[in-house]
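The structure appears right after this line, and notes come after that.
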C-alpha cells in the first residue's frame, strides 16, 4: 500500500489464457491457430478471485483510474476483477511485448465491437454487452496498434505507458496531496513480459540496493496469473517525475 503523500499503481497480470494453458500442454495448434487468445474458465475464476482480494486490500477507491491492455484476455480480466461501475481505458502501449518477435498472443483484435465479442465470450455473460460497450473506452485504438516492434519502439511505448498510468493528484485538491488521501491511484491490467521488461529497463538504483533479490525475481520470472505488485509513487522536488517499486524509476532513461 502507498504511504502518506504517495500514490500507487497496481500492475496486474491477466488471468490464465488459452495460450497459457496450451503452452503448458505443448498444444501448438491452439497456440498458433488463432490470435488474441481469450481467458480459460480457470482464468476467469482467477480474475473473480482477484476482485475479492482487491476489495480486501483496498486497491480501489472512488478516484482510482483503471487501465487495460487492449488484448482480449486483459480486458476480460479487468471487467471480471474491477467490474463495470467505472470507465476502463484501453491503452495500446500496455499490450504484450512484441520484440524481438511477435507471437500470436501479442496480436490484437481490431475494432471495438469485434474485441468486445471475444471479451464477452471469455466472461460467459452476454448480458454485459451494452454496459461494457459504454464503459470500455477504446478511443486510443485508432489505426494499427499491434504487431512486431523494434527495441527502440518498445522502449518508447513503455515510457509513454509510464506517463499515462502514473498516479495523479486531483486538481481541485492539489494542496492537500501531502496527506495521501487525494491521490488518484491507477490499476493497470497487462502482461507478464511487459511487467518483466518494466523492471528490467526502469528499475531504480534504490530498488537494486534495497531489494536485489526481489528485483531479480521480478526480472527473471513471469508473474503468476492475476498477480499484482504495487508500485509506490511520489512527486520529488523540481517537478521531476520518478516512480518505482519501493523506490524510484526514471521513465526518461
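Backbone N, Cα and C atoms are what each Cβ position is placed from, and that goes for glycine too.
According to TrEMBL, the feature substrate binding site maps to 13, 14, 15, 16, 17, 18, 19, 20, 73.
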Using the centroid of the Cβ atoms of 13, 14, 15, 16, 17, 18, 19, 20, 73 as reference, list every other same-chain residue with Cβ within 8 Å of it (recorded substrate site), in sequence order.
21, 37, 39, 40, 43, 77, 225
Which of 13, 73 (the binding-site residues) has the most other Cβ atoms within 10 Å?
73
For residue 17 (substrate binding site), what residues in its own chain, 6 or more apart in sequence, show a Cβ-Cβ distance under 8 Å?
37, 38, 39, 40, 43, 73, 105
